[in-house]
Amino acid sequence: MSQQDNVKAAAEGVANLHLDEATGEMVSKSELKKRIKQRQVEAKKAAKKAAAQPKPASKKKTDLFADLDPSQYFETRSRQIQELRKTHEPNPYPHKFHVSISNPEFLAKYAHLKKGETLPEEKVSIAGRIHAKRESGSKLKFYVLHGDGVEVQLMSQLQDYCDPDSYEKDHDLLKRGDIVGVEGYVGRTQPKKGGEGEVSVFVSRVQLLTPCLHMLPADHFGFKDQETRYRKRYLDLIMNKDARNRFITRSEIIRYIRRFLDQRKFIEVETPMMNVIAGGATAKPFITHHNDLDMDMYMRIAPELFLKQLVVGGLDRVYEIGRQFRNEGIDMTHNPEFTTCEFYQAYADVYDLMDMTELMFSEMVKEITGSYIIKYHPDPADPAKELELNFSRPWKRINMIEELEKVFNVKFPSGDQLHTAETGEFLKKILVDNKLECPPPLTNARMLDKLVGELEDTCINPTFIFGHPQMMSPLAKYSRDQPGLCERFEVFVATKEICNAYTELNDPFDQRARFEEQARQKDQGDDEAQLVDETFCNALEYGLPPTGGWGCGIDRLAMFLTDSNTIREVLLFPTLKPDVLREEVKKEEEN
């Protein structure tokens, strides 16, 4: 081809090219179409990808309370509530909230609801304390409400709320521990991850009834420190369901005993708690002073002498459930202030009371726990140690003196010689030979009581120990079979005494002589011995019918039925040293 033809061909080729505006290149028409089409496809992909990108996360609301320590929390919350007290928007302490159904009744009534089922027309209003609060976005909030010993879930959605504009404000005000009132409809939730869902209140309105100014202990760590639990029992009850259940069981014990006696035509009475003479038991009393009468008085150690005076007066069956006060040591099973039940029945004796005791306690255990057999862990230092206590009838019965002779392999003096000085030397020798220590004064009664402790340690299942010496029982009637002994029994469970009963001494001459013997022991230094009660002796002179008397410790019963190894667990407010005094003692010990 000539040079002229080449130039012509090149010119025609250029004339057929088109500008690619994206790159500035000159390309053929087909190439340009190809490129444009490719770019359109890529543009669509980019647009689709951009549409799929998540929206920028909205900033979460700042929780002013989230990172505060307990002291800062209290100060901040107090300021918040103080402001509401001024503005009443809302009033943080309203006078009334109408509750239409209790929390346990609510759960029971709607337990039949199926997963995801709701009843928009079924309106309820309930109340309780917030134990948990969580959010799922800004339009859905969950609460766990505690009340009457159960948990109820609250589910609050913006769409259900009575005033959408106040939704955030109302919920932001509520904190863990607050007491709230809730209105809404009923339903069962439908969790995405499976499960049956929770019977819940779908909230239409929530109202703060009482704010909690303090930070509650975290659920994860709990509220476990014993000393703090006893000092702040209110917080213990808020945080620990077991604590609440223990005191419900204690109430059931008292209710059962009261019903048992009421059904048998006993009359419940009340007798004085302050007395001129501390009588009715062998114990050291508290002394108080009556300003108007300008005289010292004793807090009662037992109601026995008053109750027997009522039987003299013709009230043949009487009982009293109440507090007693003994100025003695504090340990795992003793508190200076404690609760007993005592009853007295005319024309009954110690053997009738044995049968009543077996019946009362065995059926009480069955009714409250569902079985005659309960598990008990006596040693806090050894949680694995477990006792099986069988309350079914009949119970084992041990004759005190006969069993002591077996245990110590000696022959005891006859019952009518147990009070003599010779017997005192005999008892001292047994104590020395067996390396047993009895705190002074070494009266025969105290030394015998120490020896009987060796029998008590063998009593695991409920056991009667009977046949006590008269000198150990100044208010019990003498044995009709064995001189020097009396008609008395004690019941021991897991080595602890829970019950004491006897045929009552109704001979005024014998009673006065016994009181005088007690006075002699008091002169020997026994602070627990009784004084002569002339008022009671005078009442006996009018005639006390043959009578059986019975007493039991409510606190120890509660310990066994709640599996508590310390009496403090079953006393709402046990006796404790004040915090300030406790700190002083601690510093002295450290120094």
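From the backbone N, Cα and C atoms, a Cβ is placed for every residue, glycine too.
Annotated features, as they stand in Swiss-Prot:
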- 1-64: region 'Disordered' (REGION)
- S2: N-acetylserine (MOD_RES)
- S30: phosphoserine (MOD_RES)
- T62: phosphothreonine (MOD_RES)
- K308: ubiquitin cross-link (CROSSLNK)
- K577: ubiquitin cross-link (CROSSLNK)
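In the three-state DSSP scheme, K308 (ubiquitin cross-link) falls into the helix class. In the three-state DSSP scheme, K577 (ubiquitin cross-link) falls into the coil class.
Sorting the recorded sites K308, K577 by the number of other Cβ atoms within 10 Å puts K308 first.
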